[in-house]
């Protein structure tokens, strides 16, 4: 299956380099030169993933990600020359799944895209062969979680989780009361070595709490163990 990517980037040389490489890797690539054009293209078609620059004319990457997140849980990768912890936290806070700093290697960006699509795809494949009794359904207070069909409801309202948010939630609910360090969460969810970037984990945990907790500032499920990590309480 040929996966469809949307690259939104105002630097023509980067667009050409990345799109040419990813096309050779087997992806179908569509490009936009600014956020406004990118949003229009996104709204008129379907894509498996979006790659977004932050600093763009007409509509910057932060606002674009925010608009896309209101409509879709599509994986979003930020590629940007802005490499501060603040920019990373902002980008992830608006709803991006991953962040890669310029300059980057083509091998690395291709690997990250493939991993993100792989994670997202496994949650949207409904296993029709399983009888209902065998489905991984968790009911916990106001929460309904269907692990097979990538569905989370709070008070009977469907929550839009990104693939990584769902990965973190799945890790927690299938291991209740087990304490996970940030390094362990990163290793399980990102399938990569942890380099101590706490903002990535902190932002995803905060976003997840905002979606599933009644009071995110006083969570009843995702508990913080200061200096250690997090655990899930039912």
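Every residue gets a Cβ built from N, Cα and C, even glycine.
It should be emphasised that the depicted structure is a prediction, and the values quoted were computed from it without experimental measurement.
The following features are taken from TrEMBL:
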type     : residues : note
DNA_BIND : 135-234  : DNA-binding region
DOMAIN   : 4-117    : domain 'Response regulatory'
DOMAIN   : 135-234  : domain 'OmpR/PhoB-type'
MOD_RES  : 53       : 4-aspartylphosphate
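The DSSP secondary structure for residue 53 (4-aspartylphosphate) is coil. When pLDDT values are averaged over the domain 'Response regulatory' (4-117), the model yields 91. Helix, strand and coil content of the DNA-binding region (135-234), in residues and according to DSSP, is 35 helix, 23 strand, 42 coil. In sequence order, 8, 9, 10, 11, 14, 61, 78, 79, 80 are the residues of the chain that are 6 or more apart from the residue listed as '4-aspartylphosphate' and have a CB within less than 8 Å of its CB. Helix, strand and coil residue tallies for the domain 'Response regulatory' (4-117), in that order: 54 helix, 23 strand, 37 coil [DSSP].
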